[in-house]
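Feature annotations, reproduced from TrEMBL:
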BINDING   Gly11, Ser12, Gly13, Ala14, Met15, Gly16, Asp34, Glu94, Lys99, Ser121, Asn145, Lys277  NAD(+) binding site
DOMAIN    6-185  domain '3-hydroxyacyl-CoA dehydrogenase NAD binding'
DOMAIN    189-285  domain '3-hydroxyacyl-CoA dehydrogenase C-terminal'
SITE      His142  site 'Important for catalytic activity'
Amino acid sequence: MTEVKKIAVIGSGAMGRQIGMVAALGGFDAVVQDISADAVSQAEQAMKEWVDGRVAKGRLDAGQADAAWSRLRFTTDLREAVGDADLVIEAATEKLDIKRRVFAQIDELAPGHAILTTNSSTYGSSSVADATKRPEKVCNMHFFNPALVMKAVEVVRHPDTSDDTVDTVMAVARQMGKLPVLLNKEIPGFIANRLMGALRSEAIDLFEQGIASLEDIDVAAKSALGHPMGPFELMDLVGIDVTYLIREATFDMTGDEREKPHPLITEKYEAGEFGRKTGKGWYSYAD
Ligand code: 3HC
């Protein structure tokens, strides 16, 4: 297996920042990179608040927190981030042209032995692997929101991914305290998003037909099925923009009309009502 000591995370959004912290808590040297200095400093601040909260709540001792901070850095410099990385996790926006550009750049800058992964849940890694000269070292490593809490990581190989790459990424996920699952074949949505998508479509249909309020549909998912959140609450957490972009991309890839974003999702996307991050989605958030 490839020895992994240093992990670079590309993108400091809701996922990237938390994946960086998960890596540092798992004992890896980690760096989170983003092109925007503002985004990087917001991400660092959010992680400071999270760590302070954990320490105050007695969930993390101060020594562990200091050790994690000593292993984690935030930067805008891609060369510095990936120049000595053993594993790169790309968590940039769900747009294929951006991801392909990022993979081509990382491939130039990262050491030859480095494994390059994408956190994408939409695009199988074959759609970025051919932007690099090391397709056998490329796969998906898909985390779930909030990545600091959710245990699952979907590892998805494409036809040319090597066994060493898969074994290394599975082992890294376990060292991060996660429960990785392996998909031997690329399929849009992988496992968990396909299950979630089916539930979400039903939930929106029930709401649109006026069968029940969105609040009651969420209550039923929690109280009847034991889900921690209802489908509307979950869309607001994940981001209606993310949901929209995933559906659009999946429709582009498959041509299947059923994959198109629901018109109510499109309406919210166009209105900039993305959920918790904008203060309004299906629900309104005071701050
Ligand atoms: N970031 C970090 N930690 C968080 C958090 C966040 N955004 N939200 C909650 N937590 C932590 C809390 O600190 C708390 O930790 P503790 O118990 O150790 O102190 C723990 O999670 C539980 O939080 P709360 O008591 O405040 O609230 P809940 O018990 O309701 O848990 C939840 C919150 C973990 C988000 C839970 O509701 C849940 O599991 N929801 C479902 C999330 C889910 O399905 N995620 C997958 C989305 S799909 C996806 O990401 C794929 C992508 O491709 C779209």
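Backbone N, Cα and C define each Cβ position, glycine as well.
In this structure, none of the binding-site residues from Gly11, Gly13, Met15, Asp34, Lys99 has a C-beta falling under 6 Å of any atom of ligand 1. Helix first, then strand, then coil: DSSP counts for the domain '3-hydroxyacyl-CoA dehydrogenase C-terminal' (189-285) stand at 66 helix, 3 strand, 28 coil. Note on the domain '3-hydroxyacyl-CoA dehydrogenase NAD binding' (6-185): its mean pLDDT in the predicted model is 97. Secondary structure from DSSP puts Met15 (NAD(+) binding site) in a helix.
Across the fold, the C-alpha of Met15 (NAD(+) binding site) and the C-alpha of His142 (site 'Important for catalytic activity') stand 10 Å from each other.
Gly11 (NAD(+) binding site) and His142 (site 'Important for catalytic activity') are 14 Å apart (CA-CA, integer value).
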